Amino acid sequence: PEGVATFTCDEGYNLNGASTTTCQADLSWSNDSPTCNIVQCPLITAQAPVILSSGGSPYSYQDEVTFSCAEGYSLDGAASVTCQASGTWSDVVPTCIGK
């Protein structure tokens with residue numbers, strides 16, 4: 001419709017604010033422009049002997065965390081996970097099993 005602006009965000013970003021605004025009679029907008037905030041994934045915790053490549057947080061869309069094991073153990077599961085647009089990790093934290 002004429003006089004209506006619709007806002008969307010790129011994949012991996014959440015809209016913060018109203019998704020539409022209307023031009024009013026006094027030529028002002030009915031809502032402030034929203035912002036797009038990058039999606040965050042939950043903190044990853046791992047127990048020894050699993051070793052994380054980074055313990056940094058918050059984790060954002062497309063951030064990757066890689067895993068390894070302490071000496072004498074081998075990785076059972078994904079060697080890395082990626083923060084997805086949904087705010088979830090691409091896989092579960094792996095475990096380490098003794099050799």
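Numbering starts at 1 and runs along the chain as it is shown here.
Even glycines carry a Cβ here, placed using N, Cα and C.
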Disulphide bridge to C36 as given by TrEMBL, partner from C9, C23, C69: C9
C69 - recorded disulfide partner, TrEMBL, among C83, C96: C96
Long-range environment of the domain 'Sushi' (1-38) - Cβ separation under 8 angstroms, sequence gap at least 6: 60-62, 85
Rounded to the nearest Å - Cα separation of C9 (disulfide bond) and C69 (disulfide bond): 38
